[in-house]
Amino acid sequence: MGLQPLEFSDCYLDSPWFRERVRAHEAELEKTNKFIKELLKDGKNLIAATKNLSAAQRKFAHSLRDFKFEFIGDAETDDERYIDASLHEFSNFLKNLEEQREILALSVTETLIKPLERFRKEQLGAVKEEKKKFDKETEKNYSLLEKHLNLSAKKKELQLQEADNQVEQNRKHFYELSLEYVCKLQEIQERKKFECVEPVLSFFQGLFTFYHQGYELAKDFNHYKMALQINIQNTRNRFEGTRSEVEELMNKIRRNPQEHKRANHFTMEGYLYVQEKRPAPFGSSWVKHYCTYRKETKKFTMIPFEHRSGGKAGDEELFILTYCTKRNTDTIDRRFCFDLEASDRPGVPVTMQAFSEEDRKLWMEALDGKEAVSAQLDKIGFTIIKKCISAVETRGINDQGLYRVVGVSSKVQRLLSLLMDAKTCNEVDLENSVDWEVKTITSAMKQYLRSLPEPLMTYELHGEFIVPAKSGSPESRVNAVHFLVHKLPEKNKEMLEILVKHLANVSKHAKRNLMTVANLGVVFGPTLMRPQEETVAAIMDLKFQNIVVEILIENHEKIFKTLPDATFPEPISMSVSPPNAPPRQSRRQGQRIKRPLAVYNLCLELDDADSHSSPREDTPTGSMDSLSSQSPTPAFPSSPPGLLDGNHLIMDSGDLAGWTTNLPGQSRPSMVSWMNAPSANPAATNTVPSTFFFSNPATGSDRAVESVAHRKARAVYPCEAEHSSELSFQIGAIFEDVQFSREPGWLEGTLNGKRGLIPQNYVQFL
């Protein structure tokens, strides 16, 4: 789990958890600042100390390898993962140059040192200044607020109004500063990925230019550089789009904070001052608490929290609310007060003070509650979509930028109003009339889909569609989306089928209209899918919506014309993300595994001469630039569902019930880490028993069990061999004479008369 997004609506609540998330972001930026500072120091030493060049290179490589970017949200795109892994990759390149002592070009200062210094000074330095202002304004705001709340209600009305205006003005200033600080924190978290990596990439390009002896390595680096540049550009493009969305959301919340409160299980939450009564001589005191209320359960919680004492929270107090009444100033010498009574303390009300009259009204209104209503998919929509699709395919299937070029807003609205009117819909001729341009028709169709009260792929399944796009092999992603499409309501599925079939036809004309599968995913991802709640986290998932649409377009025949496999389980990623697979280990000392070049082309047209590799046989024509089809298959897939439990592998045998094997890297790294129950009759299969150790997690004790070394196994994932000693296979392949290899994480087996190595967690023993 990476850094949690900082929601702008939380700036107005200023809750303890919001402060914790802000501190986490600040700590991450401080770590980045230290990293860049160390990297700059190492880079300067590399230029100056030619006699100690090899030692400086190793230190520089060590700094790169140990640092890892944190990300916002719960998953990264493939591009972001490659960028995160790039520092480790740079370290590997640098290690191969230890014995080559050539003088680095003077351009290193311009390509590496200055950009990093500029980023550290202009970006990280700006954040530090914003932090100082934020901390200072926090102290000022809450000090002034407490002083204001202590004003007697008996003072003149003019004095009270002046005091109210002063507090409100100061509070608005504090909220403005808080919003800007939160926006800056998240912007710098996203910006640093390419701002830090790009200078390092430029440095490596210059470095290999001056090494004739490293010519072969330089060619390999150039191959990797091309992929990384595309990853960086894709990430930069997404950053620009995400930043504009975030700024728009921030401005919307700034204009009307109350209309953009985050949806959560609390009916109301915020700060209240609670009156704590003391013995008669000492009167009473007012202590600030962060309070939450749930209408369904009538549960009211209070947590004392003081911003000025380091943000330390006290013990939580919970009670069941029985009633709430407003307190007038004639009964208490404070404004904005109301009483609550708990079920376990009848007749003993708790007096609370809100920040303002508006705040008190919100609390009172929250106790009443409201219900929202939702509309259904309009039946006339099928007629509209079919008419628009027919017109587009008849008149403009080859138009460049189809669906990306937007029509004039007034014309689009006029056309849409005619189509949505049952009286005029059939009279509108889109195929033969010159009154309606193709871009007007496409814009009207997109506008209609976006105006539905619920997206075509529904709020309910939105999260489930997003999850398989974040992980898994291409095949598992397709299977998961196939399964989920058939869970859609019948009308939604029928409409989606009509639209996706049309988009697949549009992508077939990509050479003329330039609308590749990836470009169509960018256009229709936010149109067909959107979360019910508009948050920063939801904006971060926009990139995964595009991937889902790409999968639909590339596999529309399978998804809509066939039923999902009846044996296909509920995707494991719908509830719990599968564990990350371990990297494939290289068996040749010093040999670096080549990684496939994944080309993600969102808007870029490449000449035929620039393409050096042909698409794989199983890649649909015209989808080479698709994120969904070009994600490289991981060397090791996720473990089979249901077999992993934490850090242990659960055995099937009743004899081993409750016992689990230790995974590699645990207390017995040399023992077996994946195996089904041992055979009840080893002699019957002509096998050699072996002893394995199992640990009981409940007692911590170990137990020795004899198991079978020679077994049959079935492939549960496909695999393509990377070396001649490995076997290639598809799902369902049966291996004979399977036994454990000397290499950790590998098995030896025979398939179709050929013997070779098999990744251990690709198979299940029979």
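Cβ atoms here come from the backbone N, Cα and C positions, even for glycine.
Just so you know, TrEMBL annotations never went through curation; they're auto-generated.
Per TrEMBL, the features are as follows:
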{"type": "DOMAIN", "residues": "265-372", "note": "domain 'PH'"}
{"type": "DOMAIN", "residues": "375-560", "note": "domain 'Rho-GAP'"}
{"type": "REGION", "residues": "571-592", "note": "region 'Disordered'"}
{"type": "REGION", "residues": "608-649", "note": "region 'Disordered'"}
{"type": "COMPBIAS", "residues": "609-619", "note": "compositional bias 'Basic and acidic residues'"}
{"type": "COMPBIAS", "residues": "620-633", "note": "compositional bias 'Polar residues'"}
{"type": "DOMAIN", "residues": "708-766", "note": "domain 'SH3'"}
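Secondary structure of the domain 'SH3' (708-766) per DSSP, as helix, strand and coil residue counts: 3 helix, 31 strand, 25 coil.
The residues of the domain 'PH' (265-372), classed with DSSP into helix (H, G, I), strand (E, B) and coil, number 18 helix, 52 strand, 38 coil. The average pLDDT the prediction assigns to the domain 'Rho-GAP' (375-560) is 88.
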